[in-house]
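One structure is given here, and the rest of the page talks about it.
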C-alpha cells in the first residue's frame, strides 16, 4: 500500500506540473555516440576554418583589431617578461581570453611557432576555439528542442557561417568567449524551463560565472537571467513556499557569477589597488573614451537612430524575434522562448544605452549577440503544433535567407559597421580608393615592429629599455628579446621609472600624449615627449598607423641636474658632483 501511495503522489505531482505548461514537453534527448562524433568533427572543421581565415587576415593583409594581439601580449607578460607572474595579465580586461592563450604563447618559443606570439595568432586560435564551441551550443539547442534534422543543420550553418561570426571567430577578440558562455547559459536555462532540474540551473549559473571572466557585459545578462528565474520559480511554486523556492533558485544561478565578480574585484584591489580597473584605471575603457571625446575623435553620444541602424544592421529580424517569443510564450504558456530574449537582449540593451551615453565605444561588434538570439528564439518556439512549427522554421530560415544578405554588404559601411577590424576590409574590396599602404587600418603595428627590430639589433642587456606597455605592447610583442624591456608589470618598474639612471636604463620609449591618454612615463615626466625632461636625449622617432608621430626613443643621459647643482656649476666649484653617471 505504501508503494501504491507513493506512485499516486508522483502521478499527482506530474499532473500538476503538466498543467503549468512547460513540463508537458518531452525531456531533451540524451547525447548518443552517433550524435557526439559529428559534433566533434564539426568543432574541428570550424576551428580550422576560423583559424585559417584569421591567419590570412593577419599574415597576408595585416588586418586585425589591436585589442586581439594586445591580449596576447598580456599573456606573454605573464610568461616571458623579466619578472614572469600570472597577475602580469593585468586587470583592465577580464582574464579568460589571455588565460586560454597562455599555453599557446608558451608554444611560440618552439621553432616555427613564433607567429603565435609575434603576429598574435594565439589570439586567433583562442577565438576560433570559443566560436566553434558556440556553434556546437546552437547545435545542441536544436537537439534539445527536437527540431527536424534539416532545420537543425540550417540553424547551425546559419550561425557558424554568418560572415560576422566567421570574422569574429577569426579575430582573436573576447566576443567569441562571451558568445559561447551566453549560449551555454541559454541552453541550460531553456532546459530548466522544461525539466525544472536543479542541475540545469546550476550549469546556467556556471556559464554566467565563466562568461564574466571573458567580458564584463555578461553582468546585465546575469541580472536578467536571475530575474527571469526568480519570476518563473515564484509563479510555479505553491503559495506557501514561493519565496523560499525563488530564493533558493536565485542563489543557485547567481552564486557562480557573484563569486567570479568579487574574486576578480578583490584580486585587482590586492594587486593593483583598484577594484574595477576597467572603470577607474587611466588605462581603462572609461578613461580612453573620455580622452577621445576630449580630442574630438569619438562620437559625443550616438543618436538612437545610429544605435538602431547598427543593431538591425547586424540582425534585421531582432524585432520580429522578440515579438514571436512574446506571442508564443503567452499563447502556449511556455517560458523557453523568452530565455534568449532576456539573456541576449539584456546585453544588447546595455550596449545600446552605453553607446548612446558615450560610456563605451560604439563598435559594430557589440551587437553580435543579436545573431544567436534570433536563431535561439526560432528553435525554442518549435512544438508539435503545425502553426508554431511553421513559425519557428520560418524564423530560423529567415535568419539565413534574409539576415545574411542584409548584413554582408554593411560590413564595409563605416557609418553602420563602425569598428577597427571592419575598417580594413574597404582596402580589400576597393584598393584604388583605399590604397593599402596608406590605409591606417592596414598599417597597424608596422612602426612597432620596426622599432622592435631596431632595439633587437643593438643586442642590449636585460632591463635596458624602459616603457609603459599601455601603448608600447606591440614593441614588446614583436621583439625577439623581450627581456631587454622594463615594462609596467615588472616589480621594479616604478623604481626604474623614478630613477632610471640607477637601474641601467639606456633608452626610454615615450608615447605621444597628444594622441592618447598619457601613460606612466608622461605623468612622471610631463615634458618627456617634448625635450626628454632633463633625463634623456632624442635618439629615434617614428609615426603610427597615421602620419602623426607616435613614438620617440630617448637615450638616457644620467641623473638630472638640479637648480642647486646648476648654481654650483656657475660658480666653478664642486663641478665634479654634477657629472652625470
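Keep in mind that glycine also has a Cβ here, set from the backbone N, Cα and C atoms.
Annotations in TrEMBL come from automatic prediction, not curation.
Since this is a predicted model, take the numbers as computed values, not measurements.
Per TrEMBL, the range carrying the annotation transmembrane segment out of 119-138, 179-198, 279-298, 419-438 is 119-138. TrEMBL lists transmembrane segment at one of the ranges 40-61, 62-83, namely 40-61. Only residues 6 or more beyond the boundaries of the transmembrane segment (40-61), in the same chain, are considered here, and those with a CB under 8 A from a CB of the stretch are 115, 119-121, 124-125, 127-129, 131-133, 135-136, 139, 156, 160, 166-167, 169-172, 424, 428, 436, 442.
Here the transmembrane segment (338-356) has long-range neighbours at 182, 185-186, 189-190, 193, 217-218, 220-221, 223-225, 227-228, 301-304, 307, 310-311, 318, 321-322, 325-326, 329, 362, 366-367, 369-370, 372-373, 376-377, 380, meaning same-chain residues at least 6 beyond its ends whose C-beta is under 8 angstroms from one of its own.
Between the transmembrane segment (218-234) and the transmembrane segment (246-271) there are at least 3 Cβ pairs closer than 8 Å, counting only pairs 6 or more residues apart in sequence, which means the two stretches are in contact.
Sequence-remote contacts of a segment are chain residues at least 6 beyond its ends whose Cβ falls under 8 Å from one of its Cβ atoms, and for the transmembrane segment (150-170) they are 42, 46, 49-51, 53-54, 57, 124, 127-128, 130-132, 134-135, 138-139, 141-143, 176, 314, 365, 368, 371-372, 375, 378-379, 382, 392-393, 396-397, 399-400, 403-404, 407-408, 411, 421-422.
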